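Colleague: Input: one structure, supplied below.
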Amino acid sequence: MEIDLMKHIQKTKFIFVTGGVYSSLGKGVSASSIGRILVELGYSVAMQKLDPYLNIDPTYLSPLQHGEVFVTKDGKEADLDLGTYERFINADLNKYASVTSGKIYYEILTKERENGFDGKTVQTIPHVTSAVIDYIKKIKDSLKTDFIIVEIGGTIGDIESLPFIEAISQFKTIYGVNNVMFIHCSPLIYIEKVGELKTKPTQHSVKTLRSLGINLDLLLLRTNQKLDEVTIKKLAWSCGLDIDMIFAAYDVESVYLLPNVLFEQGIHKTILDFFSLPLKNDNINSWIDFTDKITTFKKHNLVIGLVGKYVELPDAYKSVLASLELAAIELNIDLKIKYIQPQNLNENNINEELKKINGIVIPSIAGSIKGWPGALLAASYARKNNIPFLAVGTGVNIGIGEFINNVLKLPIEFINLGNGDFSFLKDAFVKNEIENYRIGEYCSNIQANTITSQIYLKQNQLNERHRHHFEFNNHYINNYFLNQNWKIGAISVDNNYIDVLEYTKNHFYVLTIFNPEYTSKPSKANPYFINLLKMSLKIKES
């Protein structure tokens, strides 16, 4: 790595966000909230996640351990936090926005096996740290925004994250101290019996950061208690910060309210002053208009059933839930989600379990066959009772399988992947032999006189993100479905692939082989989720 002490002012400013004391602190939402404020003030923002785990990416991580796999526009399988980033800053990120230790080490070791280091000893410093810095530069060069906010995964003090911490310490020297800000998120522990906020864990976390070469520029405290002046002064003194560099990320009713909380404290002024940047706009009124819809009295209420293999961890369906939430906010609906484990559904309890459900969503499902009978029962209940139904991604198997089983009376067979799991139904789906894996954004032609044409008003095409190896078998669908009250809602622009199927006897029974949840944004929830709720409400109140 060449050390170029660039002390002059850089156009792109960097904010690095670390977390202390324990994981699942909410630093991703905190970082995203800062990003949203900067966007509202007229600055362009990109975000990046540096994750210390040794998986190359989250493709094969269990959803029960790590939550959903998010997919970027350019086809990167990424940490679910990227979905949070995109929704908050209202921007599409790219393949450089998600980097893991596993990816860094894999690339270094591959290069070493090819003698790419000319016989040099490969070490954490400088080779690993330089690789991290290269990825930080790549997102800057590819997205060219005013700000880049980088979240460091894990907790300060974890051995896994040390190369990342060293890398960002070096980066500040390389890029210029006036162009890089360090923010640390840390909890204040409230002892209810004595009514006291304990600051010692945060003090130790900051001390650990200092020992690793990171001097804080701003401290963001997670707490559900109002910060008092004594606590702020105590932390300022012990952490070597001015009191105006300490802010509180209070617990809020909705994560989308956190930008409001931070803006009211003036965090934007501190950040802009640090970088010597002007205050282009003195309000975040457009965001407040959106969040006012969250806190206002709801005129309507709905219950949507989410049927999925991993409902024990809702984060496994993070973007689906976010899409439903954002759609409900737009429509002024008090939305309740009923999580339904398909393995618990059977012929004896299906009516009781679903009788109060106004709509059903089946997200991507993969893995063992155990939950199939219950999932098919849910799809059958929706089809027979005209319950609005949306199956996305690999969840289209359920809508197709139910019809094959109950209407066509054909046997259900699965494509054997050789590991006890299934991916798609045999015959109804075929492996994509041309592209192998459709992942990322693809364009589809909307077909006339369909539900899709009604919800994508004045559009002839749609752009959605895919993540699948298999496609609808066009021949099978043409022979068995299109003469049985099914329509093609959208087809790929090259006419090779069916992307949307719709059952026309129901008001809203839609199967999308792409994952529409990935493109929902505040004030612009994906149309499929908007119309699922619209139709659910219409049927309920009719």
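Every residue, even glycine, has its Cβ placed from backbone N, Cα and C.
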Colleague: Which residue of Asp79, Asp81, Asp92, Asp118 does Swiss-Prot report at the same ATP site as Ser24, Leu25, Gly26, Lys27, Gly28, Val29?
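Modeller: Only hit among Asp79, Asp81, Asp92, Asp118 in Swiss-Prot's ATP site, alongside Ser24, Leu25, Gly26, Lys27, Gly28, Val29: Asp81.
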Colleague: Out of Gly28, Pro201, which of these binding-site residues shows the lowest number of other CB atoms within 10 Å of its CB?
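Modeller: Fewest other Cβ atoms within 10 Å, among the binding-site residues Gly28, Pro201, is found for Pro201.
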Colleague: Find the average pLDDT over the region 'Amidoligase domain' (1-277) in the predicted model and report it.
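Modeller: PLDDT averaged over the stretch: 93.
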Colleague: Considering the binding-site residues Ser24, Thr199, which residue's Cβ sits among the greatest number of other Cβ atoms within 10 Å?
Modeller: Thr199
Colleague: Per DSSP, to which secondary structure element type does Lys198 (CTP binding site) belong, with helix, strand and coil as the options?
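Modeller: Looking at the DSSP assignment, Lys198 (CTP binding site) belongs to a strand.
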Colleague: Taking the Cβ of Ile159 (CTP binding site) as the centre, how many other Cβ atoms fall within a 10 Å radius?
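Modeller: For Ile159 (CTP binding site), the count of other Cβ atoms within 10 Å is 8.
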Colleague: Highest Cβ count within 10 Å among the binding-site residues Leu25, Val29: which residue is it?
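Modeller: Per the Cβ count, the most surrounded site is Val29.
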Colleague: Closest of the recorded positions to Gly28 (ATP binding site), Cα to Cα, picking from Glu151, Pro201, Gln203, Glu517?
Modeller: Glu151
Colleague: Within its own chain, what residues at least 6 apart in sequence put their Cβ under 8 Å from the Cβ of Asp81 (ATP binding site), listed in sequence order?
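Modeller: Listed in sequence order, they are Gly28, Lys49, Phe70, Glu151.
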